[in-house]
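Worksheet for the structure shown next.
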Amino acid sequence: MLVAMNPYEVLPIYTNALIKEYREHKIGELPPHIFAIGDSSFNDMKTTRKDQCIVISGESGAGKTESTKLILQYLAAISGQHSWIEQQILEANPIMEAFGNARTVRNDNSSRFGKYIDINFNKNGVIEGAKIEQYLLEKSRIVSQNEGERNYHIFYSMVAGLSKEEKKRLDLGEASDYNYLKGGKTLTCSGRNEVSEFSDIRGAMKVLNFSDQECWDIFQLLASILHLGNVKFKAKTISNLDASDVSDANLVNRVALLLGANKFDLTESLTKKTIFAHGDAVISHLSKDQASQTRDAFAKALYGKMFIMIIEKINSVIFQTKSSSKRSIGVLDIFGFENFQVNSFEQLCINYANENLQQFFVQHIFKMEQDYYTKEGINWKHISFIDNQIVLDMIGMKPMNIMSLIDEESKFPKGTDFTMLSKLHSTHGDNKDIYSKPKSDLVPAFGIQHFAGPVFYDVPGFLEKNRDTFSQDLKQLIQKSENVYLRKLFENDLSQDNNNKRMVTLSSQFRTSLDVLMRTLNACHPYFIRCIKPNEDKKAQMFDRALCCRQLRYSGMMETARIRQAGYPIRYTYTEFVERFRHLGKNIPPAHKTNCKEASKKICANVFTGDEDYQFGNTRIFLKDLQNEFLEKERSRILAKYILVLQKAIKGWIYRRRYLKLKAAALATQKHFRARGYRTRYLIMRNGYQRLQAAIAARHVTYDYKKSRGIIQKLQPLCKGYVMRHKQQWGKIVAIVKLKNKEEKDLKKAGNKNYKHIAETNMQKRLAELNKEYILKEQEIIEEDNINADEIVDNEFDFLNGFASTPVKRRNETLMGMLKDGEDIDFIHGQEEDLSAYNFRKFAATYFVKNTNPQYSKKQLKESLLDLPTPDDVIAAQALWITILRFMGDLPEPKFEENTTTKENIMNKLTQTLSRSFTNRKEFREILSEEKRHATLGKMERQKLINMTLKRKNKLLEDVRRGLVEDNFAADSYSEWLNSRRTTNLEKLHFIIGHGILRPELRDEIFCQICKQLTNNPSKSSHARGWILLSLCVGCFPPTERFVNYLRAFIRDGPPGYAPYCEGRLNRTFKNGARTQPPSWLELQATKNKDAINLNVTFMDRNSKTIEVDSASTSHEVCQQIALNLNLKDTFGFSLFITLYDKVMSLGSDADHVMDAISQCEQYAKEQGYQERAASWSLFFRKELFTPWHDPCEDAVATDLIYHQIIRGLKYGEYRCNTEGDVATLIAQQYYVENGARMDQNVLHTRIGEYLPEVLVKKGERTDYWEKKIMDAFARSASVKQRYPAIKAKEDMVKYSKAVWPILFSRFFEAVRISGPELPKNNMIIAVNWTGVYMIDDQEQILLELAFVDIAYVGYERSQRDMLHKFTLRTIRKEEFVFHCPDVENLNKLVVYLLDGLKKRSYYCVAIQDYKHPGEAASFLSFKKGDLIVLKNGLNGESLISVTWGYGECNGRVGDFPTEVVQILPTMRKPPDDVLAAFKKDGVFEARQPTAPEMSTIQRMKLYTLAHYADEHFRSGRRATAKQTTVLTAARRSSQEALWKYTNQPIHQPLLQKLLTDEQASRKACDAFTAILKYMGDLPSAKPKVSNEFTDDIFVEALKNDLLKDEIYCQIMRQLTYNRLSSSEEHGWELMYLATGLFIGSASLMVELNKFLKSRTHPFVEPCLKRLQRTQKVGPRRFPPYSIEVDAIQHRSMQIYHKIYFPDDTDEAVEIDSVTKASDLCSTIADRLGLKSSDGFSLFVMISDKVFSIPDDSFFYDFLHELIDWMRKTKPSWNTAAPIQAQYQVFFMKKLWVNTVPGRDLNADHIFHYHQELPKYLRGFHKCTKQDAIKLAALIYRAKHDDNISILENNSGILKELIPSHIIKAGPLSEWKKNVINAYNNDSRLTAEQAKVKFLEIVYQWPTFGSTFFEVKQATDPTYPEICVIAINKHGVSVIHPTTKDIMVTHAFSELNNWSSGNTFFHLTVGNMMRATKLLCETSQGYKMDDLITSYTDYIRKKEKSTAF
């Protein structure tokens, strides 16, 4: 509460500085001020979210109106937006004052009406609008005023302020000319300039959007009222009755012209009266006095209606509240208590209103206060006060009150003021305490004892004023008027008259309005301002003590002071008190953990040590202001103290951690630096000694070496000579030569004449023999040392001898080259990598048990090389070791056994041995089952069982390892293998490789044993056998991941002949998987030659092809190769078949190894007693299976093959027809294909044996019968008649065979039923063909037939220990069959393929639940569970899978339906009724976990979901029954519906529980989810007009409501959880990306969001996490994503570049992301351009014809979004889907020219300052001398053209580009040209860049440097020209004369009170608020001026704060 005294002068206490001072200060902290009330109400509204009201009361002249204006100005100032709506609210006051205020004897500006201004704020405290309620305008003042008073201000201002032309149009003169203005004999008002006031009024009306026409209409009515007041009447008599007439007809004519009425009608209306009685109109004449009263009533009605219309117009402009959750502050300025010499009906109403306000005051200050104290039970002494309730009851509340009596009398036609007075006296005369009668009964008055004193009311005129009507004639006049505005004023009255509504009196209207006002005030938290009038003379510095005391006393201020002094204004609940002040006590826990009342007592006892006054109530503690202030100070002191302690500790921790790091780093640096010197010296010494040692050692070694060398050199010639002489060839030759010489001498001595010839001949013979001997010896050495590798291989493969190996031509050189050269793709590790780190010895050292030597050895192994899981594996490893040694020749065969052969199959025996091993025993299985059970237990249960089972389990395993558990079978089997007989090498291979195939745990063991024996193997034979064995092993099974790289490295280091070959085989094995059978004899032959395997494949047309394969080749690869060779397109169903003797086996066309089948054939042949190499198997390629959608027309090659298969099968009895006619027809078709359309009986007779099936032809039987049937069938054939091509006939035969023999075209799988409905047999064959799945027994009897539409689910489960895999088949009738099947994977794959294919091509769906669209829209289907839906519009099952809404027909209606509630039927025909009936049964669609889940458990565990968060925070959702999943389903949930999982249905409640209490937020959440569904494509919707249409709907509300932020994140995460639609999921990630750049959620949700994102692997995860961090750092956005952001992410672009333009016509492309603020972008650009500072720079957006500055703290895209939205709203043409993005440009320019000194930042000068200042100069805004203009022109020319003066010399016109237009007129162009050239030459040393700086230095000296100029039109100050220039720079706002360029005035920024801009206006208020100077400018640039002034003031404020800090 504030007591304000009117000083009657302007005091300097209402300035901007004081507004800042009082802002955000509590009442009492600063001296009392009206600003303190405004600030307190504003802060209370924001913190408590409760409406406030400020009740301003007092006598007339006490200053209520000025207080109201100050409150409004303060609220506008602290709102801080300088918005146009704020200015409009403020400008409403001058209009209301002009039309509703007048001079009275007590007040020069008395409000003659009451007003309640309700100012609306949004949640941020920004003014959004206001609404004004007006009460009881004093209309009697229009026609009469007491002496010393005036009429309403507007009349005097209008008469004085209108221009001569306007006054002439209205025929107005001076104020003294009008009776209505001179009634109070006072025409002037001190301190009021009527001309200036009228200018302000017109300006205010412009601000409030009054059009010029509306203003003129108002002035017209005002003028008409003035003229009407001058109309006089003269009395006359008509028919002896008083009558009257108008004295001056011209005056009436003037009024009629202004009112748009007929002058005769006006005269008649004023002088006559029409009364309607019983349907007849009676016209009576009015006397002179009555005519005058009618005239006055008409004037009052005109003004009253006009005043109401003006208020409504103001409200229509300022009431623009956008948000629904608004808060308001109401300011009540109502007439004060009045007591004049003559008090009438108006004073009664005014004083009644004041009585109500006084009661409101009393209620809040006294009654409620004391009642509350009593309720709380505190010690309180009651304070008496004046309660005016009885007065209120008498005047207007209780029955028979004064107001009701006045109303009652007003409605009686014969009621008069005196009859009313009589009723008042009789009713209330006895209540003498508050009702007074005059002393004389002749005095027509009554008195009331008001709270402010007694008042007597004169009753004459009471009833007429209360009726507030004027004659029906005048209403008719108005209705006929041509003045549209006038008719609009009385529109409601005229309509009421037409509807004959009851009369509403003025008092009832006033009481109704007053009741509404009081209810409004009671709903708000009140503040009271009591205005006190210091004296009755309206003089300053005069204080009437008695008057002031009287006002204080009757207003209750004395009692208020007492109650405030004795009362307790501060009240906390005990919880609030403990929470806030518990730190002041000792050991006080938080409020929720203690008894708050006791804790409060402890706190007070601890803090208050004296006799402080406070009390404890029942629920609250009551404090005085002083005690509360002391508590707050103590709290601040304690918190500051402990905050300092915390800061000290945290800072100490931070700095100590930093110190420790620095210390550690310093110590490390010191240590290394110190060691550096010592180590350097040490290294020098060490190197010296080492060099010395080396030199000495080298000297000794050199000496010894030379000595030894000399000796050896002497010895070597002697030795060599001896060897050469005695051992080598040359020695023998020398001996032969010596022998020749000796023989020659001997022969010569003997006398032989031919001694030389004989000796020579003998020598030649000896040399020849010697040469022959040498050659033989050399050949023996070569043969011995260079044994051919192929010969070794042949020797080692001696067991293959017996059949001559015919050379095979190598056809597939590429494949074999790939194998031999090792160029195959590495299927495990991708590209070739470095394997140098993988060494076999390293592996052995790491993994070999007991440090076994990793190289060649012949010793038997005591243990396995590797740690094997079971003892049986160890036994097997020992047997394998011996077998490998025997195969490699390193260990002999047993010699004491006979060399016998056996027919036993090695693989069968191995399977039997391994199946009976320990791994299949009961004890081992128990251990495994126990492990599995433990894995499913909870942590606590598992811990309990560990102690119980640990000892028993460990003991069992230990017993196993020690051999205490008996297992004799395996040992006996291996012993028999090793010792019972000698085995062949092929059997050894089968034994070794068979273990690797059947027991994967032994594979690494086998490879390690072979590698061990190949390491340092001294035997070439053993080495060769080992590599052969290794090549065979890698071709049959791969090693484990642990050993693979070591094996590959080992192979690469092997012999060149085998290394690439082995690596190629290993890669192929990895690609196609391990074999199931050991190598065949054929493979051994190929391995021997390292060649491909050539297989001959026969086709049904008797042709054949040779196909190259290898050990790893699968039937799929072979079939593909055949299809490629034959150009076969339709490959499905074609398979390989192998035959042996009478056996046929299908290899299929999948992953089965071809060589496995051949190996099985060889083993079978051995069992039959034949050698493996003699097995006579054959391969065939034929059609095995049709698809339901097979079309023979699609592939002629396939059709031809099937045709030949049919005729061959028909011939040999494979296919049999049911009738002879069918046989004849098929043969006729065959004849047509082979022989054409002409039937030749001879040909048929000759070939009948080829055509007829063998079963139908008996030996010697004639064929005439069949020939005739065939010929008849031929004649009937459509092919013959239509002359179809042969291929068409073949197609017909294929279609026939498909339809007739489905079982014969089936793929068969052996199976055993283990559960499910009973069948005649359990052992069966499952046949799959195009019609369905059949169960057949061994007699080919069908046990069960299931069509594909009957199958609901298939799945399988592989067995890890045997071949008994499980296959599950479930039907739509809830029958579930489980089979054991060895080929379960291929069976499941085939059925799934056919089911999926049918569903993709199907047009039929079945409803799996009832569905009805929530809105019951006609475009959506409604159906029941089990109804059939036929897809339409080109939809099929395949297209239905990828969408969430389908379109189809059901029950005769077509429409959309959600795909989630239907199941696609696997059929291409309409399903039968029994199938649909099965779907209608309950339980058909019960949820089941699929046997082979789509996602593994580990994967699901890795994907974090909101499941746990939902349990705690989500609302409880209805659990819907999950739908039955099939192999191929439409996209829908596969588990129970949960609120955290994906859905494609809209929601009707939010996900979060906390939103349910907020109905509006709940609705917004549901709308947002619908928009998410539409954006992700999960809900049908029209294509958005703009890309951000849906994103706006999703995010716009969340940015306003924090609760919705969590909701949106939860919704997006929900839609990304188990979403199986890839397109939907991608759109969901787009939304997640956008959301993370907009806002963050609550702390608890952020934890969930981070976990959710980190568990995903999508490419958007990392960007989303980074955006979250940045958003958390910079804060949330204000607007949803701009369209560019949405477009970018939709195109998967996470970088958005914008082109930024600069004033020098250059530009840069800059990256701008979602969280880039304008200030960040400015800094980035400044850094890129090399600017020293970005101070004063800003970004500007040019759009259409406007340029907007982006605020520094705004996000770039937020501003664009807001700007585009604003443009769409203001420009209708923009509200389209036009490409708006291309219509704006972004500029970077200098905005605030602060700290701008030319030369300080050259880059800024060159790019910005010069190019921005130059246009201002050339447009002539600066005041410039001629000499300066010459200098500047020269500098501008040099900056533009540099040293090229020729352009200026040759073209004088260029001067207009160098000199402002207003200056260039001062002289001829030639003179300007001459002077500019001289100035140019004087500055010849300057460069272009220096010229720019020089230009800026000159302009910098001018006071207008750095200004932004605006040409405006003003009409507020007559001393200024109408058109002037406003310059805004760092000095303030200057007004410049447009012609002289002189600065007329400069207002510093500190002088500015308020400024705002509208569409075409800018308003500025300067100086003290009480007498502010206003400047209203008409300009379209007002928004720029507003923004610029705001930017400068903000900059100055920040600088002041930083300086103060």
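For all residues, glycine too, the Cβ spot is worked out from N, Cα and C.
According to TrEMBL, the domain 'Myosin motor' annotation covers 1-636.
Shown in sequence order, N6, G336, C531, I532, K533, Q551 are the residues of the chain, 6+ apart in sequence, with a C-beta less than 8 angstroms from the C-beta of A62 (ATP binding site). What TrEMBL records for G58, E59, S60, G61, A62, G63, K64, T65 is ATP binding site.
Annotation comment: TrEMBL describes 514-536 as region 'Actin-binding'. Taking Cβ pairs closer than 8 Å, the region 'Actin-binding' (514-536) reaches residues 1-8, 34, 37, 40-41, 44, 48, 50-59, 61-64, 67, 106, 116, 118, 133, 135, 328, 330, 332, 336, 352-353, 356, 360-361, 364-365, 542-544, 547-548, 551-552, 555, 557 in its own chain, all 6 or more past its ends.
Sequence annotations record features per position, and here TrEMBL assigns domain 'MyTH4' to 856-1088 (among others).
The annotation domain 'FERM' is assigned in TrEMBL to 1093-1402 (among others).
According to TrEMBL, the domain 'SH3' annotation covers 1400-1467. Over the domain 'SH3' (1400-1467) the predicted model carries a mean pLDDT of 88.
If you look up TrEMBL, you'll see 1542-1690 (among others) marked as domain 'MyTH4'.
Annotation comment: TrEMBL describes 1696-2000 (among others) as domain 'FERM'.
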DSSP-assigned states of the region 'Actin-binding' (514-536) in counts, ordered helix, strand, coil: 9 helix, 8 strand, 6 coil
Dominant neighbour of the domain 'SH3' (1400-1467) in 1-636, 1542-1690, 1696-2000, by Cβ pairs under 8 Å: 1542-1690
Sequence-distant neighbours of K64 (ATP binding site) in its chain (C-beta under 8 A, six or more apart): I56, S57, G58, S111, D333, I334, G336, C531
Other same-chain residues whose Cβ falls within 8 Å of the Cβ centroid of G58, E59, S60, G61, A62, G63, K64, T65, the recorded ATP site, in sequence order: N6, N107, S110, G336, C531, K533
Helix, strand and coil totals (DSSP H, G, I; E, B; other) for the domain 'SH3' (1400-1467): 10 helix, 26 strand, 32 coil
Counts of helix, strand and coil residues, the domain 'MyTH4' (1542-1690), according to DSSP: 91 helix, 1 strand, 57 coil
